[in-house]
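Taken straight from TrEMBL:
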MOD_RES   B:187  FMN phosphoryl threonine
TRANSMEM  B:20-38  transmembrane segment
TRANSMEM  B:95-113  transmembrane segment
TRANSMEM  B:125-143  transmembrane segment
TRANSMEM  B:217-234  transmembrane segment
TRANSMEM  B:241-261  transmembrane segment
TRANSMEM  B:267-286  transmembrane segment
TRANSMEM  B:298-316  transmembrane segment
């Protein structure tokens, strides 16, 4: 299989950072109360992941193995600072909504995990692509979880999208149903844990179905009637 | 005459799950009747709503899991779960609250974990916590006991409030909660907690009309009725005495100490034991055979843990009553309790 196709499959499905590796759960659970927040944090993580993967891959031959972790962390921290300052400058509303979880991207194990497991052993183009796919996989899970929690908790989708996409995005807001009393549990952290559990279960079910379909024994053609000669 | 040799355990009482659960429901009846007397017809409608929702959910789940429906439906566990949840929520809560709670309890807490005997959390209490966290206003709108209430609610009035949130005369639950002198009434525990947090001493806090009897008007008889039902269950050996005793000790001993050392901040062990959901929790909720500890010594510790947690949350926590939270926290500790209280088999030496 082509290396890039393999990376895509790994990042989006088979080795998805959120659903399979279960890395970076802290931001995943903390900021997914709405799709907008989830998307904002997902893209921030994606940018950091691509940047750090490329840089780590470029310097991999000069970094002694003994001190590689501190070096990787410094690289990641530098990119997080860049992203944080950019968001502060251009997406101030979202910056305030995400709060401490932007600087906390540094501690997202998914990023240092990719730096250590892939980028430090592979050339830059592949590393960049790996970062992109892992970041996309992470962002998609964040968005699905955010969507679930927003629908169940508030009955809306894309509430506050203008914080991320500019003023035209106010028209994106969809009100599926209006509730007098929101189901607070879905918006609070326990809802994130329960939703995450269901997403992982769903992925396992899909995997098992597919496996069962592939391993179906080939139908043996048996003779309907065997008569003695 | 033939002597059949059967392997152990040589139990003489062979009760099926459905019998056990039926007895639990029967033992709830005195409490249900007292609750009806003091809090009106709403209790009955909540029970009907909860039980019918529970059976529908149970049937759908069993169907989805490809199991035989009949044995699961007739084992009465859904009946117990639904009754406990319906009895723990305020009687005039809107209908969708209890429906959401029962769906969560049966589908997520019970069947997702594998159905009867597999759930690690007490389904009724997990449902209750979901509701309390999600709908704090509805879940704390307890009416005052009938004799303190300004309005009397008939059968039709109660049903109307549950379905449409207003009586036919247009009173909301909030208005119904006011007493004769126009003050919104709280439960005994709620009222005491609020007063203590406002800086009143305990003796001042207990001057409220809700405390005009020995341990909270209405609530004391409710708890005594559940105590009677619980003692019946112990007498019939449906439940063992370890969990209730542990729970009551864990709650009352710290309360006694508080009376001795800080009398102004303590509402005393009697009110602790006969208010809120103490007796319902001690005899019916904490004794859930699936999610509780399994050995007798373990059960004692399990009960003690719940009691102490209830005392701590009631005294210093954010909620006036705490049975549900305490039971769920103790459910999480069950594997540890079971590990360290494993009884030694006969003939083996205790490891040390």
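Residue numbers in this text run from 1 along the chain shown.
Backbone N, Cα and C atoms are what each Cβ position is placed from, and that goes for glycine too.
Quick caveat, the model's predicted, so the values are computed rather than measured.
Within its own chain, residue B:187 (FMN phosphoryl threonine) has B:142, B:210, B:216, B:219, B:275, B:276, B:320, B:321 as residues 6 or more apart in sequence whose C-beta sits under 8 angstroms from its own. A contact links the transmembrane segment (B:20-38) to the transmembrane segment (B:217-234), because at least 3 Cβ pairs that are 6 or more residues apart lie under 8 A. Contact count against the transmembrane segment (B:298-316) (Cβ pairs under 8 Å) is highest for B:241-261, out of B:95-113, B:125-143, B:241-261, B:267-286. A Cβ distance under 8 Å defines the sequence-distant neighbours of the transmembrane segment (B:217-234), meaning residues of its chain 6+ beyond its ends; these are 23-24, 27-31, 33-35, 38-39, 144-148, 187-188, 209-211, 240-241, 244, 273-276, 278-280, 282-284, 287. Long-range neighbours of the transmembrane segment (B:125-143) within the same chain, counting only residues 6 or more positions beyond its ends whose Cβ lies under 8 Å from a Cβ of the stretch, are 39-40, 42, 81, 84-85, 88-94, 97, 100-102, 104-105, 108-109, 149, 173-174, 176-177, 185-187, 190, 285, 319, 323-325, 327-328. Outside the transmembrane segment (B:95-113) by six or more residues, the chain places 45-46, 49-50, 53-54, 57-58, 61-62, 65, 77-78, 81-82, 85-86, 89, 119-124, 126-128, 130-131, 134-135, 138-139, 162-163 with a CB less than 8 A from a CB of the stretch. Away from its own ends, the transmembrane segment (B:241-261) comes close to residues 230, 234, 267-269, 272-273, 278, 281-283, 286-287, 292, 296-297, 299-312, 315 of its chain (Cβ-Cβ under 8 Å, at least six residues beyond either end). Annotation note: the residue listed as 'FMN phosphoryl threonine' sits in a coil segment as assigned by DSSP.
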